[in-house]
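Novice: Sharing a structure, written as structure tokens. Questions coming.
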Amino acid sequence: MAENEPLDESASKPNGRIVSAEQLANGHATLANNGQLHRATANGKSQSNGVQVHIEAPCCRDIHGKEPPDGGARAWLVMVSAFLCNGVIFGLINTYGVLHKLLTERLTAQGDAEANSKAALVGSLAIGTTFFLSPVAGCLTDKIGLRLTTFIGGMLASGGLLLSSFSSDNISALYFTYGIMFGLGGALAYTPTLAILGHYFKRYLGKVSGFVTAGSSVFTVILPPGLDWLLGSYGLETTLRMMSLMAAFIIVCSFVYKPLHLPLHSTKKKDGRSRLNVLMRSIINVEIWKRKRYVIWALCVPLALFGYFVPYVHMMKFVETSFPGRDVNLPVMCIGVTSGIGRLIFGVIADMPGVNRMYLQQLSLVCIGLVTLLLPLTSSYVVLVSFALIMGLFDGCFISLLGPIAYEICGPSGATQAIGFLLGLCSLPLTIGPPVAGMIFERTGSYTLPLILAGLPPLLGSSLLFLMRCVRNDSASNDTNGVVARQNSDIENSSNGDYRMSAVKSNAPLMGSSFSESGAKSNGYAITNGSATAVKSQAPLMGSATDANGVNGHVNGHLDMTDPATETSIDRPGS
């Protein structure tokens, strides 16, 4: 746009749009349509002659100011690819029990007295590494991109399984190739798989997340019979090579992950910061940890998971001891099937108007905790199966909401690392909970105490999530602290400058100091009484505008004015 070209208030601008009153949303910096600055209301709106305009923050837009497409060939292809990635990663991890039996038999044949625990450690390392290194995956994704991170993850996962096929008799080698290498590959692929969805979906994000996360349930149900057949027909080595080929699909899917958002956190060095500090800030998005709602969520969810995974790990042993002669596999299968159904159902519910996703996740934790507490009191196998169906249903609800809630709290620029750090924090309770329950069972000979203790953390974690109601809503999509336009035209939160009218302070800030016609410096305030007074602010105002009095809002962010009486410019050179 030319420097003095009149501003079209409905025109859309890169990295921030000037829109009319019909398109208003909370949490935006504003510019009046006549080039003057006017008093802003609490939600960041500015009013001039009955017309309201604002600069819209790109919290749900890509770098070109576009909404997520919520459809189209590429969006649906991304959804299917994410479904396959999620299914392959957790399908292979969850079906390790099929390999565990054969590995135990081989180690026993070699005379290893700890065959069972050593074989179990291989699978535990895989799931533990996948979650523990998810923060690394989040940081790496922001540095090198979704595509490349997923590609590297697919290479590591496939390569780890392939190398495992050549070292299947060496348990120490399997710790590295299957446990660490495959687990790291899973971490690098899983975090981008959740993060990419918010780039292509907004209105249907809940439904799509439910469909994608259901992939793990689908693959967990269909893979065991196939792997069991491969083991019986071709042996462990060939089975691992086929698993490696399956993991290679992650590499193919990575080419579909074209991101539509770029990270918005600044890496520019400020005075007083060491090079190490600047380097760490360029890797880790510290802005997500400034959001109190995210901090509460990221601490309460891992707390709830201390008992969350215990029933899934010990269900077969519990059935064997409490209901001798009954099918030990049926309750586990019920959990897997209804978990997939729950992800689809609650994904749809989460997108309904007026539905609070956080409350929905709290409900899922409460139901899982209550069912876990009731398990040791069950005397009927039919009731046990019913509880397993309910547990799986709300497990699907909990899992399907992780991605949408991360986007809701941190926005697109912070969602990737928000998901990664959350999964990393969850790795500790997921790893510790089941072994502790096993130790208690070995000492007491009963699952009553372990299951009661396992049912309490989900209830406690769900209750503590209500603390989010006690803090200001600082989510990226609804920030009431105001936003400003930076030098690079991104929108960011700020509290170091405000503008006001008639000494009324507003929450919509203009960064930096301002100068009035008299040359008086205002510490972050641009003051106007409706007269022909102009200010020059360090904060750039996007676009340009000219009114009848000659007030110009230039594209470089400076406000100049020519006095109509004297025809002299009162623009002051810059601060």
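Using the three backbone atoms N, Cα and C, a Cβ is placed for every residue, glycine included.
Pulled these from TrEMBL:
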type	residues	note
TRANSMEM	76-99	transmembrane segment
TRANSMEM	119-141	transmembrane segment
TRANSMEM	148-167	transmembrane segment
TRANSMEM	173-197	transmembrane segment
TRANSMEM	204-223	transmembrane segment
TRANSMEM	243-260	transmembrane segment
TRANSMEM	294-316	transmembrane segment
TRANSMEM	328-346	transmembrane segment
TRANSMEM	358-375	transmembrane segment
TRANSMEM	381-407	transmembrane segment
TRANSMEM	419-441	transmembrane segment
TRANSMEM	447-467	transmembrane segment
REGION	545-575	region 'Disordered'
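Describe the structural context of each listed feature in the structure shown, including burial, neighbouring residues and relevant distances.
Specialist: Through the fold, the transmembrane segment (76-99) approaches residues 122-123, 126-127, 130, 150, 157, 161, 182, 186, 189-190, 193-194, 196-197, 199-201, 208, 211-216, 218-220, 222-224, 227-228, 231, 236, 239, 243, 246-247, 249-250, 253, 256-258, 336 of its own chain, all at least 6 residues removed from its boundaries and within a Cβ separation under 8 Å.
If one looks beyond the transmembrane segment (148-167) by at least 6 residues along the same chain, the residues whose Cβ comes under 8 Å of a Cβ in the stretch are 85, 89, 92, 137, 140-141, 173-174, 177-178, 180-182, 184-193, 236-238, 240-241, 243-245, 247-255, 257.
Under 8 Å from some Cβ of the transmembrane segment (173-197) lie the Cβ atoms of residues 78-79, 82, 85-86, 89-90, 92-93, 103, 121-134, 136-138, 140-141, 146, 149-150, 152-161, 163-164, 167, 205, 208-209, 212, 247, 250, 254, 257, 259, 402-403, 406, 415-416, 419-420, 423, all in the same chain and six or more residues away from its ends.
Tertiary proximity for the transmembrane segment (204-223) is limited to same-chain residues at least six positions away from its ends with a CB under 8 Å from its CB atoms, namely 70-71, 79, 82-92, 94-95, 193-194, 197-198, 333, 336-337, 339-341, 343-351, 357, 396, 399-404, 407.
Sequence-distant contacts of the transmembrane segment (294-316) (same chain, at least 6 residues past either end, Cβ-Cβ under 8 Å): 288, 328-329, 331-332, 335, 358, 365, 368-369, 371-372, 375, 388, 391, 405, 409-410, 414, 418, 421-422, 425-426, 428-430, 432-434, 437-438, 441, 447, 450-451, 453-458, 460-462, 464-465, 467-468, 471.
Counting same-chain residues at least six beyond the ends of the transmembrane segment (328-346), those with a Cβ under 8 angstroms from any Cβ of the stretch are 94, 206-207, 209-211, 213-214, 216-218, 220-221, 312, 315-316, 319-320, 360, 364, 384-385, 388-397, 399-401.
If you look at the transmembrane segment (358-375), the same-chain residues 6 or more away from its ends with a CB under 8 A from one of its CBs are 297, 304, 307-308, 310-311, 318, 346, 349-350, 384, 387, 390-391, 394-395, 397-398, 401, 405, 447, 451-452, 454-459, 461-462, 465-466, 468.
If one looks beyond the transmembrane segment (381-407) by at least 6 residues along the same chain, the residues whose Cβ comes under 8 Å of a Cβ in the stretch are 194-195, 197-198, 205-206, 209-210, 213-214, 217, 297, 311, 315, 319, 322-323, 326, 330-332, 334-347, 350, 357-358, 360-361, 363-365, 367-368, 371-372, 374-375, 415, 418-419, 422.
Listed by sequence, the residues of this chain that lie at least six past the ends of the transmembrane segment (419-441) yet keep a Cβ under 8 A from its Cβ atoms are 124, 127-128, 131-139, 141, 187, 190-191, 194-195, 288, 297-299, 301-303, 305-310, 313-314, 317, 402-403, 406, 447, 449-451, 453-454, 457.
Residues 296-297, 300-308, 310-311, 314, 317-318, 321-322, 358, 361-363, 365-366, 368-373, 375-376, 429, 433, 436-438, 440-441 of the same chain lie 6 or more positions beyond the ends of the transmembrane segment (447-467) yet place their CB under 8 Å from a CB of it.
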